[in-house]
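The next block holds one structure in the form of C-alpha cells; read it before the comments.
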Amino acid sequence: MALLASTPGTGAIATAAATSLGAPKSSLGVPRSSCSSRSLGLKTLVAAMQQGSGSTTVVTSGQSSSSGVTEVDKDSFWPLVDGAGDKVVVLDMYTQWCGPCKMMFPKIVELSSRYSDVMFLKLDCNQENKPLAKELGIRVVPTFKILKHKKIVAEIAGAKFDDLVRTIDTVRTG
Amino acid sequence: EPSSKSIENMRKFSEQYARRSGTYFCADKSVTSVVIKGLAEHKDTLGAPLCPCRHYDDKPAEASQGFWNCPCVPMRERKECHCMLFLTPENDFAGKDQTISADEIKDLTASLG
C-alpha cells in the first residue's frame, strides 16, 4: 500500500519515489543497500532479538536509545529494519541544527511510548550518513519515513505531527 | 559548535530581517536559537548561511547557487520559512518577539551540539 503525503509550503504531493534520489521510480519500495561487513555483528544481534519476545526498543553496540527512539546510522539502519518483522518502522531523519527537528523529537518520544507495535528510529543526516540519506531520499528536514515489511510506504516531509500520527495509524491498520 | 562571531552575525541578521519582513520568532525560542546556530555553522563552513533545515547533495554548490541561503527564495517571495525562524503573525507557532539575545541562544542550546 502506498500513501502520499503533502510537502510543506507548496501543497504539492510528494511520493517516496519522487523524493528518493536514484531509486527506481516504478515502485515505492526503496532498494536495500548491501550491508557492510561491520554490520554483521548487528545482524547477529537482530537475529537473536527476533527469537525473543521482541521490543520496540533495540539497543545495539554503538547506538543509543532515548526513551524508545533508537539512533541509527548507515550501517545499523537496514539490519534493524530487517529485524522489525511485521512491525511498522518510523524513521525520523533530522539534522543537528534544525529547529523544527528539535521541536518534534519530544513528541516522537511520546509516540514511541504510545505505540508498542511500532519501531521508532532516528537518523542524523550528517556527512557520515549521507549515503543512506541519499538512498532513502530527503530534501526537507525533518522527514519521516514510514516502513512496513522493509519498504517505504509513506513519508511526511516537515514538522507535521498530526499528519505523522494519521499516517502511522493508517499504515498500522492497513 | 559555530563561532561566536557567526552566531552574533546571524542573531543580528535574524532580528533585522524579522522586523523588515513583519515576521516573528517562534514562541518556543529554542527553535529560533537552534536555527540561528545552524545558519552560523554554515556561515563558518561554507561562507554562506545555507538553510539548516534541508538536506543537500552538494552543500558548497548550493551555497554558491544561493537559492537556499537565508533568507531563502521561498521566504523572500512568500514568507515561507520551514525552519520556523521567521513566522507570520497568523502562524500558530509565532510568538510576539522579534528579538533574541545572545544569552537566550546560549542558554537554550546549552544541552545541544
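Cβ coordinates come from backbone N, Cα and C, glycine included.
If you check TrEMBL, you get these features:
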type: BINDING; residues: B:C51, B:C70, B:C72, B:C81; note: [4Fe-4S] cluster binding site
type: DISULFID; residues: B:C53-B:C83; note: disulfide bond
type: ACT_SITE; residues: B:C53; note: active site, nucleophile
type: SITE; residues: B:H82; note: site 'Increases the nucleophilicity of the active site Cys'
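Sitting within 8 Å of the Cβ centre of B:C51, B:C70, B:C72, B:C81, and not among those site residues for [4Fe-4S] cluster, are the Cβ atoms of B:C53, B:W68, B:N69, B:P71, B:P74, B:M75, B:H82, B:C83, B:L85. With the fewest other Cβ atoms inside 10 Å of its Cβ, the least crowded of the recorded positions B:C81, B:C83 in this structure is B:C81.
Around the Cβ of B:C53 (disulfide bond), the number of neighbouring Cβ atoms within 10 Å comes to 28. Filtering the recorded positions B:C51, B:C53, B:C70 for a Cβ under 8 angstroms from any Cβ of chain A leaves B:C53, in order along the sequence. Residue density at B:C72 ([4Fe-4S] cluster binding site): 20 other Cβ atoms are found within 10 A of its Cβ, drawing on all protein chains shown.
A distance of 7 Å separates the Cα atom of B:C53 (disulfide bond) from that of B:H82 (site 'Increases the nucleophilicity of the active site Cys').
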